[in-house]
Amino acid sequence: MVNKKKDETSQTHYSVPPYRQSFVQVADELNTNVETGLTVVEAERRLSEYGQNKLDGESGVSLMKVIARQCTNAMGLVLVLAMALSYGVNDYVEGGVITAVIVLNIVVGVVQEYRAEQTIDSLRSLLSPTAAVVRDGVVDHIPSLNVVPGDVVVINTGDVLPADVRLIETMNFETDEALLTGESLPVLKDHAIAFADEVGVGDRINLAYSSSTVTKGRARGVVVATGMATEIGRIAASLAGKKRKSGRSMNARKYGPLQLVRGFSLRLWDAIGSFLGLTVGTPLQRKLALLAYFLLCFACLLALIVFAVNNFNASHEVAIYAISLGIAIIPESLIAVLTITMAVGMRRMVARRVLVRKLDALEALGGVTNICSDKTGTLTQGKMLTRKAWIPGVGVYSLTESRSSVDPTSGNVELVPYTPPYLENDKEDDMSPIAVSSTAEFTPSGFDETMAGTNSMIVNPSLPEVTNDLAAFLEACALCNIATIRFDNDKSQWIATGDPTEIALQVFAHRFSYGKKSLIERGWSQQAEYPFDSDVKRMSVIFEGPLAEKSANRGEVIVFTKGAVERVLDLCTGIGMGSNYEVMSEGKRAEIMSVVTDLAGQGLRVLAIARRVEQNPKPSYLDYTRDLVEKELTLLGLAGIYDPPRLETKGAVMQCVAAGIKVHMLTGDHPGTAQTIAREVGIIPRNSDDLPPRVANTLVMTASQFDALTDEEIDKLETLPRVIARCAPNTKVRMIEALHRRSAYAAMTGDGVNDSPSLKMADVGIAMGMGGSDVAKSASDLVLTDDNFASIVSAVEEGRRMFENIQKFILHLLASNVAEVLLLVVGLAFKDDSGLSVFPLAPLQILWINMITSPGPAFGLSLEPASNDIMKRPPRDNKKGIFSWEIVADTLVCGCIMGACCLMSFTVIVYGHGNGELGENCNTEYNDSCDVVFRARAAMFAQLTWLILISAWEFKSLRRSMFRLNADDKSTFPFFKDMYRNKFLFFSVLIGALSVFLVIHIPTLNTDVFKMKAITWEWSLLAVVMVIFICGVEAWKFIKRKTGWFAQHQVMSETDLMLA
């Protein structure tokens, strides 16, 4: 049993260290089953006992850092100055109110930002490397955080070890342990060894360590330590320090006498920049932080102007007016709203099955112009069936009427003679994508439930006879394969684990009772394995035959190989078995390729199956490279695997076309297969006869054709290939480079270790969450949890929505700041009899307006749903960023209209109704001479509040009228429906507008605190001016629509238009 120890670096007590025991002994001590793993209940219990599998200091949002950020933002600094000045001149009422505002701002800001940071942190935990664990006999992919001692883990090439593992089974298994031991070369592991004595960490080859990367092979193992109890955890505990950035050393002896000054300067900048938010966060967050401090400096300049206009009379009133300008110009809620928007965006992405690894990707998605996608499992369902098996000299074994991709008893197999061109009424059989299921939730007829699924013989009298040719083909399909299938008696269904392609081959072999497990039970034993490599596009294994086939002292040793047809044919010297055997020739090769083209034309993925009998078997094949093994093969046949397109793929591709995004398919499949699927989902036209030959000939290319072109030749192509077949990792890199040379903004999908370079090079790297390696995930920006192309399109749509909404709330905040600054600057001209400027707005009025009109509506705008035409517009130019010319123009125009409308109200009341009476000493207290000023100030307060709030509704669309946001809506007057659609924004505006009446009409509060007075007839003036403001903004939008100013235009070539 597992006993928890007090020492925090040790979780379990072993009688002997795991590397000195056999894996069976270790499993016994951990009370786990090496075949079925832990139960789910036991795993949950151990998780609560041992805690999450993470290193100390990995998690957590620092509350103190959030508080520090809120206390040191530009708005906070201005308010502190205002508070100090108020107390300094004994104005305790104003000072007390400002103090309360500061505290309220900090509390609200801390709560909002802390919750947002916690949300982001919790979503990041979903991005931790995943682990394939066996629980209750089923392989499940869980976050590595939830791995516990005793878990049985399945490890493959490209995975990152989730914990320290005692290996149970290995096959050519090597790991990179440079992070732990400093050893630069991968270490070959051997599960069978148990050391008698103590050995160093680097020599324990029966263990695999947490955080090391699998460079080759596959393995299974039982977890012996997690978190800080792992070897990497012990190193982390001993270091327990923080790495410094390069160049920050202050070692003058090592780096020269100037290093002391340079290192100190850089450290000081790091501290200040981090404290102020200028060197941390995403590029957008840093830009907005810089904007806030730029506005702070501008506020200081305006303060100087105020003092200059008042002859540098540093009286209390003048100083407060200068502070008011500072308060007015700074959008205090900008950073907080952006943080919350990012958190909400990440949460919405998760709901759309996309995990965001890097926040930069959220900002970049809206500008994607090209998507380079894999086919298998992304554009297609990844639920594969071996529908055709061509055996030389025999014919084609054809599967029909199968309704499950993993049930070997479902469907009928018939042998059909092959006479090129092969024509069969495939459209008649029920093989639509809808009919293909990954599980069979019924008990197959003739199946004895008392027997284990893979050990039983599947008896189907309707199956064709298993000839020697077919038997050899089935043996190769089953043995050159690491997928497993079994029948679960409890669930009454077939369960498969492994790669979908290998599952399809394994299921086909099971139909004839030639499953891998049954063959091993008959005496086949594995000698070596050469896993699938995306560079050579094939996999090979070496097996020794059963006792019945032994000759001399050894069984017959056979090399089995499967892979891409061209890559396997290059290694074949013969074709067929027994009487059907023929020497490979150019004629035979051409005949085989015609069959491949025929099968691929039916949308089938074609694999070649081959073998070679070793004439001189070696004692061991561990030191033999694959080029010594994969040679002089005999082709056994071709497997045609059906992988139906996802039902939603075509619609997603059409969305991309409408959005001006070009979709490219980069696949390892045969050109014919790739072309058929591409036509079916709309990546290329169904009929290319209308296209010019120079375009039609480059729509579909093989990797060898594309790689043979120089960069200059690629750049001369009118359009880059929409389909690249037999694609290698290097081809993906060249494709990204070619797109970048055309100033495209590209997204690239990938799942393998070798895809990492292209994922890193792409503007948005997208890894597969279900079938992707940890190395690929760590190199990516996004991870798809369902490996679905439609999720990429959803992510692009969400990225566009979020970017537009950020622009909307920035426009809302900055336009109101422009209006406030305009009011206060022009207000310098309103001077009383003593020569002092009269405040159009009191400082506390500005504070109140900013609190009511900024955070709520701005956050409401960030929640705006995507507009109906968001995926009908071309991608935005990422080089322009958030502050496009349209945003700058809208900020100035709308801000000036707003400020002019407020000044109109103030002027009409003071000079029209009040005969220009500005009173005396009206900035500090109420007296009879201040009646007109206080009433005008109240009207200005209400007017500005309402205009800022109504502008939030106006900015729901930067170009469409507020009264008809959706051009397709045929309703007579959809205004209220459109406004109520965003309930948070609706009620933020409504509550803010109603709050004005309370503040203006509460006695004492209005005169003593806010320096205004209740109004009567002025309300009608405010209504008229508000109509003028709405007409002004609507006129500006109308001008933009009619003139096409700032409209997004996509320059498309004639070729692109034809393809679209």
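Note: Cβ is positioned from N, Cα and C throughout, glycine not excepted.
Any TrEMBL annotation is an automated prediction that lacks curation.
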Stretch carrying transmembrane segment according to TrEMBL (options 468-489, 556-577, 842-863): 842-863
Contacting positions for the transmembrane segment (883-912) when only residues 6+ beyond its ends and CB under 8 Å are counted: 807, 810-811, 814-823, 826, 830, 840, 876, 918, 932-933, 935-937, 939-940, 943-944, 947-948, 951, 954, 958, 1018, 1021-1022, 1025-1026, 1028-1029, 1032-1033, 1036, 1040, 1045-1046
Seg_contact(the transmembrane segment (95-114), the transmembrane segment (842-863)) with at least 3 CB pairs under 8 angstroms, min sep 6: yes
Proximity verdict for the transmembrane segment (318-344) and the transmembrane segment (932-955), three or more C-beta pairs under 8 Å: no
The transmembrane segment (809-830) in contact with the transmembrane segment (1014-1036), cutoff 8 A, at least 3 CB pairs, sep 6+: no
Stretch-averaged pLDDT - the domain 'Cation-transporting P-type ATPase N-terminal' (17-91): 81
